[in-house]
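Single-structure report; data block below.
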């Protein structure tokens, strides 16, 4: 209804700067065009509209990047971001995988957001974020270009995340002085969801993950929570679009209580007794799915994962907004673990 | 860390311009600009958005926001919102995009008037030639070679499989099939002049070195180091050291495998040529190059993409013309034109009269290569039912072309397209040439100029830089040949394709001065040049993007190849590394 629409637009405009509002609204409207009612996705238009940037072996603001294809058949690639240490202005192929020199060199495996359907590792918004992470966390950042829904449903994204984690943990050039790769998993929105599930797989292997960082992670469930009802449509996001993305990602016929979506729900399993990485969960208080995110944090706590923390933070919802805040939070998370 | 922290901010209300709540971040040094500094951004563009790929003037922000609100309202009341028939252009221009969406949704065009026949289905298949008998077609060519033979045209030589789609598409009735209507949002082709207001980010782009490694491949670290060291030695004129290194490279290359080995070998050979001053003369033999290019055309999608996207732009420019004239700066085997002839044949309202002027170099054996190609095209056009006239123009250099040679008819009578696929960079080898060519193009007053070029800067002044750029570029290219062609390694097609690229490598590395013609420059550089010369961009839209993507999926199994949109231009790349770029141009308004 026109009236309530107006109210919504005004409210969302009050919580972010105008340019951020323009950015997010532009995304929102474009995304509305891409989701078809029949559950299919206009992938060509999505790729056309997505602003992408190439990797750049020439350092910019002290950070350079390069891409590595891990699996030709699926197109799985990762974009690696590293600090340039006063090298020549040009780095050649031979220099890219030079061993890290720090005593403790954190490596952040990052999963971009996009509700499992949108964006790529080379999307401008995520390239910008990863570059920031390098400088502030003094880390190597590995951004994973996982396969997306609806063309590739669960568990493709987790499979790709797991493949990337294995690759990272087996690189000798990423080892700190103790001959181990110090790995953190980080991600926003669907990326946050992937963090949880990849960490789960790591638990059953001999790969150690030192910490999980989940930013506005994408979780849900069948039940309609209070925050979903209260905030539906108020700040750029609707339950309807959330439902669409879950339907696109989850196996056909499954509902939102599937453990991928609701890890501590009726079909989920407890992490009690499991050595799960300590987790930082960042929740935006204007996020309509915050009840699910808080439930996730609670689930960790219940399972005795006492090293976890969650932060409630009044801000807007997307990667780009409040960037500095997030990045500083990661920085302290990385250095304190 | 076992407490849950609820760090709440002073709630409610606006956050003012900073909007970061409790974290009033101190601006870190470097490029991080706070939102309240957006007014100071270069060119008045908002810096936050610019870094993220969007161009919005700070002064326009409120206006754009308002339009977005309107658009949301309209979208809310539009059924079938995600119907796929709208064509989108240049998403970086947020204002333009929103405006065109508003126009589209507020005034849906009920008239089924598709602007071009190629909509959902990619390039159409010509019917197989029904006859192999030659018809003496008077193609009224005016060139330096007298006459042409009327012999039987052997169709097997002119391989129609070279036309994109023919190998894959069944020979269906071309006129059937749903052609969805779409509307070109012509009102909003925002032509932001490319050069002067370029953002710092685009300058950075020009210096970008995108690198894609393939995990399974041995990167040959020592090999690369040695190649670079050799290039440095050459640049420093330390030829003795360079010579020693080149020998070492050959040894190292021998123990490599796959694409890396081939690339290293070509570069090593090229370095040897340069060091020992044995510039290979047969680099420039046109007939040999044409053959190699045919194999390259077959093996990988780069040329097909180039032709396809250029044809899209030409078709859109020619929608209403009853008489059209295409000037092809490099006819070669004429592989671009059957598809265009086909598409024109299917134009609603019937095809225009189509004149093609094909330019090519003199042949060493005095054969009339242009005429031979022209003949085949004329034959094809006849079978399809398009009135077609061919004319060949032999020229040593495009800079030798004068307006009077081209038989340009008045714009009211005939629409002209100038098409240049991997030709223009050659003009950068002689001072004055590019300026001359661009001014000739302007004098032609074309409706559209289509330009396809390698997306690389192989024209820098420092040799070692050039060498490095080329090494990265051709590594990607060779990798894509190996990875996607599906060919048995060492097949003839593959070898010939590699030779085709190898000759370019020789030229970039071993030649200098007027001999060094492979002076590739990036899209950013071409934009600057063309903008400064009085041209403005014509944007390629989401329809061209989609069809190019679909074509790739069919041809190359899709794996690895990617189409990207870049400010109204389309690029084809291997994984994330753009390798060629197609752009379209028209005369800037003030120049008409």
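From the backbone N, Cα and C atoms, a Cβ is placed for every residue, glycine too.
Taking TrEMBL as the reference, the stretch among B:314-318, B:319-323, B:324-328 described by the feature motif 'VHIID' is residues B:324-328. Annotated range for region 'Disordered' in TrEMBL, selecting from B:1-40, B:41-80: B:1-40.
Long-range Cβ contacts of the motif 'VHIID' (B:324-328) within its own chain (Cβ-Cβ under 8 Å, at least 6 residues beyond either end) map to 314, 318, 334, 336-337, 340, 344, 352-359, 406, 408-409, 414-419, 444, 446. Averaged over the region 'PFYRE' (B:416-507), the predicted model reaches a pLDDT of 92. Taking H, G and I as helix, E and B as strand and the rest as coil, DSSP gives the region 'PFYRE' (B:416-507) the counts 56 helix, 13 strand, 23 coil.
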